[in-house]
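Participant: Please find one structure pasted underneath; my questions will follow.
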Amino acid sequence: MPEEAETFAFQAEIAQLMSLIINTFYSNKEIFLRELISNASDALDKIRYESLTDPSKLDSGKELYIKLIPNKTAGTLTIIDTGIGMTKSDLVNNLGTIAKSGTKAFMEALQAGADISMIGQFGVGFYSAYLVADKVTVTSKNNDDEQYIWESSAGGSFTVRADNSEPLGRGTKIVLYIKEDQTDYLEESKIKEIVNKHSQFIGYPIKLLVEKEREKEVSDDEADDDKKEDEKKEMDTDEPKIEDVGEDEDADKKDKDAKKKKTIKEKYTEDEELNKTKPIWTRNPDDISQEEYGEFYKSLTNDWEDHLAVKHFSVEGQLEFRALLFIPRRTPFDLFENQKKRNNIKLYVRRVFIMDNCEDLIPEYLNFIKGVVDSEDLPLNISREMLQQNKVLKVIRKNLVKKTMELIEELTEDKENYKKFYDQFSKNLKLGVHEDSNNRAKLADFLRFHTSASGDDFCSLSDYVSRMKENQKHVYFITGESKDQVSNSAFVERVKARGFEVVYMTEPIDEYVIQHLKEYKGKQLVSVTKEGLELPEDDAEKKKREEDKAKFESLCKLMNAILDNKVEKVVVSNRLVDSPCCIVTSQFGWSANMERIMKAQALRDTATMGYMAGKKQLEINPDHPIVETLRQKADADKNDKAVKDLVILLFETSLLSSGFSLDSPQVHASRIYRMIKLGLGIDEDEPMTTEDAQSAGDAPSLVEDTEDASHMEEVD
């Protein structure tokens, strides 16, 4: 005879909360299972902790586990744990009459638009059961009390009574009477999916009672008896049925006394463990093989390849957390797609999954790192909004970055593997130099470049510094589109001739790197394409430079006047050997390469383009025969039309060779054709045939307008 039930009213705030949960639509109802499994795990933690000092606490049940039993016929989902259990007092107080401190706060958060998945953070995760159930019973047995059953259909009250039906031994059994429109939560596949997503690394076995089939050979008599028995049972129970799949037509007909055999399919149930991948991060790293790390990495990331490197560590003291970080072998094709949710580092709190896209857990430039972080100090189910303000998370982030730096540093010791890593993730490191001022120096150590002395190999800035000549003060570099382009550039002629190594930076992101990486190990990084290049020189070289400056002063002034606003100034160069001239930019303006990159931007700022790309100066090579002959020609006749033609042509050609683009390529081409005609001895005024005229088109004169002519007069 059932015990008489006591009825209790829900505390007002809890009644409001339940009403809110029941009457509001939430899309991610699946979190109810996470919350109930999390509570079960907490109950198991408590009994395990008590058993450390008193092993007899486990006499009522040695095995610690969580079990899920879906029953489609009855429409119920049962969650059983062998945890500490609840006394009658616990059931009354914890499940209804005493509001948790977070109840009101959670309701306010919900009404303000917070996600239902935050419910556990406020200590009221149990009530999420009413997202999918219209009635819940909780049977519980604590070592210090009898077995009791709590029941409520959320109508403002609940009942508690003693329960003598099925002894639990110890622990809690929650039965959810699933709503008619939520029966998909009784499907094996759905339950497995939710457990795999949210509770895969709970520290106790999660078992699911699954229904399976097996073939069994029986005699006709047995089959008939079984069938009759099944038909009888089918009226009032959902026990396994036996299904006839046909007779064996090849039975031995000669022996009439022999009983015919039948193959039948027999349904049966068994427990299937859902979380076989144990929390590997909770184990001692010394006890874990590379194969185990590999298996865990693949289960975590769904990658088919092994990881490239792994870092397993724990932090203890005022703050406690464990972490397992992996570097993959390849970069995903959508690594820098900001709109895509990245599944990189999974955040757990006490082995309960919280979120897999915690942006504040690691900087964006390290978004290729995969792994898990399991904190003992964060509140369970902390929201994204609260994470941004959480001091614990900031400390975890700092430690993760530090350990990632250590991991990459360890990888640099294996040259072959580091090359694989660098080929895939060099952009991330360079983005880090751009964004992370605290770790800029460390990240600079990881960078690798081709240089004028490295051949086909990459070398580090540290290697470069170790090879610097005694009289070399700076690290020289050049940016450009490709190794071939920069290695043949006019800018590196003198530097290479002096025996100084030049770093080749050929990725667009390198331009952003050098804006922030001004020096390395006390050595200033100097661009060979910018004005003011200083090279070590002796007294004789210094004297020659001063003489050249005086000798070509008048030519520089003339060229400056001819080019007018196209250049800021014309000066004698100390960087050229084989080229007659080059275009350099100001220290704070864009290089030719940067200007090219910015012009390619779809959303470029035209105003910024104007003042950042404006400052150019033309440097001439005093030792080049073209420049020397031009000087002599200009000294002989400053008004010589050919001098102006040649100056403009030299300027436009040096623009191209220095990496800039021409505003009017057609005009430049016409000038080249005119020069070709002169070289071939074709008279400028000689009439062309009709065919020639059609093919040549209207070539602009080299001196097109009166404005240019007036500049020539000013030179006089």
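Quick reminder: no glycine exception, Cβ is built from N, Cα and C everywhere.
The ATP binding site annotation in Swiss-Prot covers Asn39, Asp81, Lys100, Phe126, Arg384. What Swiss-Prot records for 213-262, 687-716 is region 'Disordered'. According to Swiss-Prot, the feature phosphoserine maps to Ser219. Per Swiss-Prot, the feature compositional bias 'Basic and acidic residues' maps to 225-244. Annotated motif 'TPR repeat-binding' per Swiss-Prot: 712-716, in sequence order.
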Participant: Considering Cα atoms only, can you say which of Asn39, Asp81, Lys100, Phe126 is the nearest neighbour of the residue listed as 'phosphoserine' among these binding-site residues?
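Facilitator: Closest by Cα: Asp81.
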Participant: By the count of other Cβ atoms within 10 Å, pick out the sparsest of the recorded positions Asn39, Ser219.
Facilitator: Ser219
Participant: So of Asp81, Lys100, Phe126, which of the binding-site residues has the fewest other Cβ atoms within 10 Å around its own Cβ?
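Facilitator: Output over binding-site residues Asp81, Lys100, Phe126: least Cβ neighbours within 10 Å is Lys100.
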Participant: According to DSSP, collapsed to three classes, what secondary structure does Phe126 (ATP binding site) have?
Facilitator: helix
Participant: Can you tell me the three-state DSSP label for Lys100 (ATP binding site)?
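Facilitator: Note: Lys100 (ATP binding site) is coil by DSSP, not helix or strand.
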Participant: So, in DSSP terms, is Asp81 (ATP binding site) helix, strand, or coil?
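Facilitator: Where Asp81 (ATP binding site) sits, the three-state DSSP reduction gives strand.
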